[in-house]
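A quick write-up on the structure given underneath.
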Amino acid sequence: MEKKYVLAIDQGTTSSRAMLFDRQGKVAGVAQREFGQIFPQPGWVEHNPREIMTSVYTTITELLNNAQIDAREISGIGITNQRETAVVWDKATGQPIYNAIVWQSRQTKDICTQLKEAGHEQMVRDKTGLLIDAYFSGTKVKWILDHVDGARERARKGELAFGTIDSWLIWNLTGGKVHVTDYTNASRTMMYNIHTLEWDAELLEMLDVPAQMLPEVRSSSEVYGMTQTQYFYGEQVPIAGIAGDQQAALFGQACFEPGIAKNTYGTGCFMLMNTGDKAVASKAGLLTTIAWGIDGKVEYALEGAIFVAGSVVQWLRDGLRMFGKASDSQAYAERAGDNDGVYFVPAFVGLGAPYWRSDIRGAVFGLTRGTSKEHFVRAAVESMAYQTRDVLTAMQSDSGIELKELRADGGAIANDFMAQFQSDILNVPVLRPEVAETTALGAAYLAGLATGFWSSREEIAKQWAVDRRFEPNMPEERREQLYAGWQQAVEATMGFRIS
């Protein structure tokens, strides 16, 4: 039977999606299922790994049924996932020994403090391109091994497996036959040396994580194994692509050349710039990470992670009940006319790149009796654009590359006001692609290249098309005045303490 589609599994922080893409890179079907969030203590975020798997199985079944697709028409499966989230499971039973500790969770912050006090920061930075932070997987694995009775000894005996979510999905989809990850996910663990391309003995010793529990690291585009027949109505489908969500979006946006960058506006905001075969060491608070590895060649990226972006709009809607739908924020922001001197620093969980301050909290400045709800909403929406400029300034400083355009994706960029304001504040064109689902598309492309569904990156690059291009049209004096106000607000926020 003719292969007509590639299936992408997009396993995110709050939901799992299965999406079909045709040869033109267009969406041919989608199914989505949310799953529960677990908050055992303030600042802790966990997921039930079995519930994640159930959500994935359900979306695959719904997608095939709704689209009336024969599994034999699927060329391969690409997997993209919430990065850094860590799972440890029993190899014999396949059962997790603890919940998945989510990337957002701060429950390992004390471990991070101890590692910093022991003087490990520079070594971690040099080997991994990362900072010592609770964000990354390594301290999460250590926490599980520290807190589950007998876990570390069982791991040393080879009885336990660790994986980021991609590894967990593949283990289950292949019936426990395949324990792998790819370069992109490995590079987010704080245990993987991005220069030697191997699990690093010194890092593992620092965290007291046994090497026996780690997955094999493979390229981002190859056939890793076949699914069990029960998931695809008696058929086996090759799993052929893996990338962490932000790297998948970089690939889906066809950012194949050094100096091309994308920004994903989701719960948080993640800007990545392709730096080619050069691992650029940041001096400005950014992360150095692996963009992807294909056909024996690894390419790198600079990354700036903003912790709160689209979630600020959700907070206005659900927490403050300022409007009914997230999309209403555009009308409120436009009605305001300007921000009336109001600045909103959404440091709900601290500030990410380039500041990396987890000890501060959100703040609002410039309120007067004349401040309206519209001004407040506008200031919140504008905060996404200001934070992006913070990251872009750092990125251009590190790379020595002046950005010519920014490719944007994610839910918040559907807001035309936000997209235009972003272009104005950056003084750079912002390009919104026709296919908004760039994360899933990137995973599909990686799988399709491995199975021959697509022939080359050149073929993929030709499919990338612009829905709308936003050109900067704000006078320079006004742009710099607004940004200077933001910088003052951030400085004041960082100086404020509640004892």
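Every residue gets a Cβ built from N, Cα and C, even glycine.
Listed by Swiss-Prot as binding glycerol are ARG83, GLU84, ASP245, GLN246; the candidate from TYR57, TYR135, TYR192, TYR224 that the record includes in that site is TYR135. Binding of ATP is attributed by Swiss-Prot to THR13, THR14, SER15, GLY310, GLN314, GLY411, and the same site annotation extends, among THR58, THR267, THR368, THR371, to THR267. Other than the site residues THR13, ARG83, GLU84, TYR135, ASP245, same-chain residues with C-beta atoms no more than 8 angstroms from the centre of those residues' C-beta atoms, the sn-glycerol 3-phosphate site, are ASN81, GLN82, THR85, VAL102, TRP103, GLN104, ARG188, GLY244, GLN246. Looking only at Cα atoms, THR13 (sn-glycerol 3-phosphate binding site) sits nearest to THR267 among the binding-site residues GLN246, THR267, GLY310, GLN314, GLY411.
Other than ARG83, GLU84, TYR135, ASP245, GLN246, the residues of this chain whose Cβ falls within 8 Å of the Cβ centroid of the glycerol site are, in sequence order, GLN82, THR85, TRP103, ARG188, GLY244, PHE270, ALA305. Recorded residues GLY310 (ATP binding site) and ASN415 (ADP binding site) have their alpha carbons 11 Å apart, per Cα-Cα distance. Of all the binding-site residues listed here (THR14, GLN246, THR267), the one with the fewest other CB atoms within 10 A of its own CB is THR14.
If you check the binding-site residues THR14, ARG17, ARG83 against GLN246 (glycerol binding site), the ones with a Cα inside 10 Å of its Cα are ARG83.
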